[in-house]
């Protein structure tokens with residue numbers, strides 16, 4: 001069932017009356033702020049999406065939305081999938097970019113970025129677990145990745161390798177936070193590295209490390225101040241691992257989604273020349289696309305794009321990054337966006 005928990009139904013009874021977000025032709029499927037989305041497809045074919053707190057209702061750490069068909073979505077604005085945080089989290093915690101993955105044992109693990117009380121300008125990646133996809137998720141008290149001297153850690157993405165059935169987490173080392181200024185605090189030389197790192201984890205809990213952490217992709221001058229927001233998938237037709245990620249600065253129009261490929265999950269990954277998505281690169285003219293997340297079967301994805309141009313003009317209104325849904329075309333190691341829902 002889409003929402004299996006009776007308690008969850010009780011908590012959400014009032015919010016379920018909220019209108020669904022129905023798509024316009026090639027427009028956002030969630031028109032309100034739902035940035036850095038993650039999506040899980042359930043056994044019955046329905047979907048749950050997750051987003052962080054920035055710009056969302058006060059006191060909500062992880063917001064969720066549900067859909068029976070990947071097109072019409074209901075945002076459950078009164079429900080927090082992560083109501084409690086670990087004791088080391090700062091206040092306010094600035095929870096970013098939640099990602100939920102189902103483990104082979106049927107349980108779910110939530111990865112999220114949260115600021116640390118002892119260093120509130122930097123984020124760590126933490127995990128939380130639940131027996132169901134809607135939560136509430138229970139936080140693991142020990143952070144997974146911090147890398148504070150390198151800037152912190154953000155944008156974790158879980159990946160179950162269909163070729164080996166091993167479980168991984170990929171994340172960004174947030175070098176921007178120790179940059180020398182400019183766009184995204186990191187366009188003034190020397191540019192701080194913002195590598196994407198891969199860690200194998202236990203398939204039983206999704207957070208116990210197996211082996212060491214490996215850097216699989218580095219930012220280069222073509223990426224501007226950073227790369228971030230990784231999402232992995234596997235193309236069985238070519239035997240290639242495909243790593244989608246965001247490049248350049250998330251407050252500027254050149255920000256885009258790109259991809260790199262490798263015959264090994266640990267790399268080396270070869271960056272492909274053309275962006276997967278860039279501003280104006282869809283019939284909807286999506287502005288500043290980013291934060292992509294791919295369904296487990298590699299057929300669909302969600303990402304965000306800006307819909308309030310007033311924010312860029314400095315009119316004092318909040319930034320709104322709406323959620324878009326798209327079909328993926330993957331084959332022979334090539335990836336392209338298909339139809340926008």
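We number each residue from 1, going along the chain as drawn.
Here the Cβ of each residue, glycine as well, is placed from N, Cα and C on the backbone.
Features reported for this protein in TrEMBL:
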type     : residues : note
ACT_SITE : 36       : active site, proton acceptor
ACT_SITE : 228      : active site, proton donor
SIGNAL   : 1-17     : signal peptide
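For the pair the residue listed as 'active site, proton acceptor' and residue 228 (active site, proton donor), the Cα-Cα distance reads 11 Å. Residue 228 (active site, proton donor) falls within a strand when secondary structure is assigned with DSSP.
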